[in-house]
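Swiss-Prot has this to say about the protein:
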type: BINDING; residues: N89, T139, K143, R261, H293, S345; note: substrate binding site
type: ACT_SITE; residues: K141; note: active site, proton acceptor
type: MOD_RES; residues: K167; note: N6-carboxylysine
type: BINDING; residues: K167, D169, E170; note: Mg(2+) binding site
type: ACT_SITE; residues: H260; note: active site, proton acceptor
type: SITE; residues: K300; note: site 'Transition state stabilizer'
Amino acid sequence: DILAAFRVTPQPGVPPEEAGAAVAAESSTGTWTTVWTDGLTSLDRYKGRCYGIEPVPGEEDQYIAYVAYPLDLFEEGSVTNMFTSIVGNVFGFKALRALRLEDLRIPPAYIKTFQGPPHGIQVERDKLNKYGRPLLGCTIKPKLGLSAKNYGRAVYECLRGGLDFTKDDENVNSQPFMRWRDRFLFCAEAINKAQAETGEIKGHYLNATAGTCEEMIKRAVFARGLGVPIVMHDYLTGGFTANTSLAHYCRDNGLLLHIHRAMHAVIDRQKNHGIHFRVLRKALRMSGGDHIHSGTVVGKLEGERDITLGFVDLLRDDFIEKDRSXGIYFTQDWVSLPGVIPVASGGIHVWHMPALTEIFGGDSVLQFGGGTLGHPWGNAPGAVANRVALEACVQARNEGRDLAVEGNEIIREASKWSPELAAACEVWKEIRFNFKAVDTLDPLKS
């Protein structure tokens, strides 16, 4: 069975047991009345079952309802069908004030019907010939308004300065100021030039997201013809069917696939209603993607440390034990489905490098947009500053130093022999994003 954990907030007067049973029925075989065609099938075989309810500590009138769904309810290899069944209609149920899907346990039998990520972590490392450290990226800014040639120039400067990747912003598709084909051509030229000068393999996340699946695949085909290593997709706005189609193309044609989570906070940010991002991540690993944006803990975007660490485990590891302290409701066995690299992006700069290296570890992408392009000396020096800071943190980690305790000292030491890093440290020394998180973990039962 697929197991689901729902956070249920019933309407006043509705018992939690009745609310849990209603969720199970409405998201499987049930309707609002008995119908004569019920007798033509075996409902016991197909109906969802609410097998447990527990109150949420510290919350009034909130409960976690556990529901089991028989596998025969779902089409093989279709995240679209899985979500249509489990969350497609029940969230508008009048008997509930609010409903949130907190977690799913996907059984190995169902996981085996999915291709998953086009390549996975180890294959990407081998393609790039880069090991033992996080990868460095940068989103080109301003995100909208640049011509294709100026955009390509910024890509070249960042890659030449020491970054591994640059990135299209999620809303860069094919607008009047910069059509996709022109952008792809100038970015490919920038990649080739930077590779020739540095001797390193470089990439730019060319956003293939489009209004139709056919147009999306056409853009991916063009990118492959240019010889670039990676393309990009906005998987929530583009949809799971489009994403799975692109992931299959990327595996068949040797392209890495970077995934942006644009629109996720509309779905996952409120604590009592929607779908938790850990569920959207599991769905992405099934649908297919080699990278996905994951918050930063320390940057400008929502994301508690323990919740984010739970996300990272679900993306990268083969087997994850149930751990309510990190928000993981079920033990998950991925049966060797390739892992996904988490991407830390959003309001980060060189002073964050030690914390990011410690939190995300080696198999990650640390992506500095404004933290590269906002350097007072230009794009290439901004890239140099980030590369020097990263190399210093990796060396300190390998020497056994505590990045959480000694992080600022490590950055100061490195800045003594890197004027680019020293300038970056001075510019961003006062930048903080100290806001209370909206989506937090529930207190554990005492």
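Including glycine, each Cβ sits where the backbone N, Cα and C put it.
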> Given the binding-site residues N89, T139, which one is most crowded in terms of C-beta atoms within 10 angstroms?
Replying inline: T139
>> Other than K167, D169, E170 themselves, what residues in this chain have Cβ atoms within 8 Å of the centroid of the Mg(2+) site's Cβ atoms?
In response: T139, I140, K143, D168, N171, V172, Y205, N207, M232, H260
> If one looks at the chain holding H293 (substrate binding site), which residues at least 6 apart in sequence have a CB under 8 angstroms from its CB?
Replying inline: I259, H260, R261, P342, V343, S345, G346
> What does DSSP assign D169 (Mg(2+) binding site), in three states?
Replying inline: coil
> Reduced to three states, what secondary structure does DSSP give H260 (active site, proton acceptor)?
Replying inline: strand
> Since the record lists K143, K167 as recorded positions, which of them has the fewest other Cβ atoms within 10 Å of its Cβ?
Replying inline: K143
> What's the most sparsely packed of the binding-site residues D169, E170, counting other C-beta atoms within 10 A?
Replying inline: D169
> Given that the record lists N89, T139, K143, R261, H293, S345 as binding substrate, what is the largest C-alpha to C-alpha distance among them, in Å?
Replying inline: 37
>> Just to verify: the residue among K141, H260, R261 with the fewest other Cβ atoms within 10 Å, which of the recorded positions is it?
In response: K141
> K141 (active site, proton acceptor) to D169 (Mg(2+) binding site): how many Å between their Cα atoms?
Replying inline: 8
> Can you tell me how far the Cα of N89 (substrate binding site) sits from the Cα of D169 (Mg(2+) binding site), in Å?
Replying inline: 32
